[in-house]
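Contents: one structure, followed by commentary.
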Amino acid sequence: MCFSCSELPDIPNAYVSEETRKAKYQQGDMLSFTCDAGFTSDLPITYVCGSEGWVSIRKGSCYSTTIRCVRPPAHGGLKIKGLPDYNSPIPPDHVLTFSCDSPDKVLIGSSVLICGREGEWNDPIPSCTEIKCNDRQDRYLYFFYAPWGRRQVGNRANYKCIEGYNKPAGVSHATCTKDGWMPELLCEGTKCLTPDLDGDAQITTGQKTTYNIGDRVIYTCKNDNRKSVTITCERGSWTGIESCREASCAAPVIDHGRVTDGPKVYRENEILNYVCDNKYKPADERNPRCLKVGAEVVWSPTPQCTKITCKVDLPPVGTSYNQNGKNVFSPGDRLTVTCDRDHWILDMKTTRTVVTCNEVGKWDIRPVCQGKIWKRAALQKKKSIK
């Protein structure tokens, strides 16, 4: 008699089929399950009694026959792959993939949807929208004209540059692309206008209304910086401009968290200390620092609090989960892990266990079964070395 098969597998919404029901099971005995009334399975649910417990042969699961997901409408250029034939109902666990029928359109939403066990898609139905170009804003444009109904990819716009600026060689118009109006440089100058400086800057040398290529301007900062900066007119634009404003970051408002100490305004390179509410944790283990990135000053990494959870992806080879359609678990939630033949967990005699999500978002036991064949090979190798 195989004592390790005395405890039957726990299959939700199913019972042991009459033809395989026994009081005692021996090694090699088969065990089949039948779904409860109102439930069905796409695959047979079959186990065999092995030397160390029940081993799954077919990993079917029972789901409600009355639960179905709404069939997504294919309109607006939305292409759907994976729909059942003949307008058949869409059962739980069914997967659909979405795309757009033209490269001139962009998909808004998830490209993959899965029908849940409660008859709800895991994400909203996506849609396709035509790429359109907005007005081009450029201080060197005299006018830019594209009719509102003619702003799709491939359409053209007429424009004219202000005095002192011309269209680049070979350019006669702007073209709408998926990346916006092109070319990026619509006007290149033979002159520069008065430099656009922030309020703390004061020109001290070379102030004029217009400047020729190669002209230089010197300005100083009126605030505590007191630095002096030299800029140069090159091809209609100024190079070398530096901000007079001292880089600083405001204390952020953090959802499900709060700043613990420090000033309301942080200077460049200062560190932010914050804590998260109960059942939440910082999204990044590093402390946020006030950093200047190009022309912007930002917190890096962004101070955020995320909900503490444990996750499981698709079970690895040799492992199955009794997860009831869930892949995200809260602290205190439990998950049953069952190992297939020639696999184990915890030790070589354990093929099934229950793992628990702890308060820091970690499983108390790693929910992955190990291969016995590899383990035995490793032990034999170790013995041969001795």
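Cβ coordinates come from backbone N, Cα and C, glycine included.
As given in TrEMBL:
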- 3-64: domain 'Sushi' (DOMAIN)
- CYS35-CYS62: disulfide bond (DISULFID)
- 67-130: domain 'Sushi' (DOMAIN)
- 190-246: domain 'Sushi' (DOMAIN)
- 247-307: domain 'Sushi' (DOMAIN)
- 308-371: domain 'Sushi' (DOMAIN)
Counts of helix, strand and coil residues, the domain 'Sushi' (190-246), according to DSSP: 0 helix, 27 strand, 30 coil
Reported mean pLDDT - the domain 'Sushi' (3-64): 85
The domain 'Sushi' (308-371) - residue tally per DSSP class, helix then strand then coil: 0 helix, 27 strand, 37 coil
Neighbour tally for CYS35 (disulfide bond), based on other Cβ positions within 10 Å of its Cβ: 20
CYS62 (disulfide bond) CB neighbourhood, other CB atoms within 10 A: 20
